[in-house]
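Let me begin by presenting the structure, written as C-alpha cells, before commenting on it.
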Amino acid sequence: MVIGVLALQGDFREHASMARFLGVEVRLVRLPEEVGLVDGLIIPGGESTTMGKLMVKYGVDRAIVDRFNAGKLAIYGTCAGMIVLARDIEGSQAQPHLGLLDVTVQRNAFGRQKESSEEDLEVQGLDTPLHVLFIRAPVIVRTGSSVEVLARVTQGPVYVQQGRLLASSFHPELGSDTRVHEHFLRLAEQSSNQEV
Ligand code: GLN
C-alpha cells in the first residue's frame, strides 16, 4: 500500500512524517500521473483557494476525481483539505474544489478572535478523547445523508466520513495522537485490496 500526500501547498511534510511513522510507504503527489500510484491520498491543511488553483493548474484535480470514481482511492482532507473535498463552500462556491464530499463547509468559522484553539474531542469509535488543534478552521453546516459525523463541536460537525472519504477541520498531523491517520490507513488498505 502506498499513501500519497498532495504536496502543492500547505503542511504536507507533517502528514508525510506521521504516515511514515506508522510504517507505510509515502509518496509526495504533485502531478496527475503520480495520483495513479497511490491507494490513499492526504490533502493537507493550508490555504484552500491557493491549493485549489494549483490543483487545476497542474491538472491533478481531474486525476484525483477519476481515480476516486474508479473505486481505487481513499482520500483524507484536513482543514483546507476538507474545504477542497467539499461539494459546497458557503459564500465562495467559485473557488476550485473537488466536490466529492457531500457537505457544505463554512470557512474560518471560528471567528478571527479565535484563530487557533486546542480541544479534547469525543470521537465516535475511539475510547478516549482526541486532543486536537484547530487553526482558522472550517465547520460543516450541511451533511448529506451518506455522511457520518464522527465528532462535533458547538459550531457543528468537525470530523466526518463518507465511505472512502474522511475529513477533519482539525490538524492531527500537528499533534502526537496517530489515531486519525491509523483510521485513514485502514480505509486506504480496503481500497488497495479492492484492486487485486
Ligand atoms: N482558513 C484556511 C482556508 O480557508 C484553512 C486553514 C487551515 O488549513 N489550517 O483555506
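Start at 1 and count along the chain as shown; that gives each residue its number.
Placed from the backbone N, Cα and C atoms, the Cβ positions cover glycine too.
Keep in mind that TrEMBL annotations are predicted by a computer and have not been checked by a curator.
When Arg13, Arg20, Arg107, Arg164 are compared with the L-glutamine site residues Gly46, Glu47, Ser48, Ile135, Arg136 in TrEMBL, the one appearing in that site is Arg107. Of all the recorded positions listed (Cys79, Ile135), Cys79 sits in the most crowded Cβ setting, with the most other Cβ atoms within 10 Å. The shortest Cα-Cα distance from Arg136 (L-glutamine binding site) to any of the active-site residues (Cys79, His171, Glu173) is found for Cys79. Checked against Ser48 (L-glutamine binding site), the active-site residues Cys79, His171, Glu173 differ in C-alpha distance, with Cys79 being the nearest.
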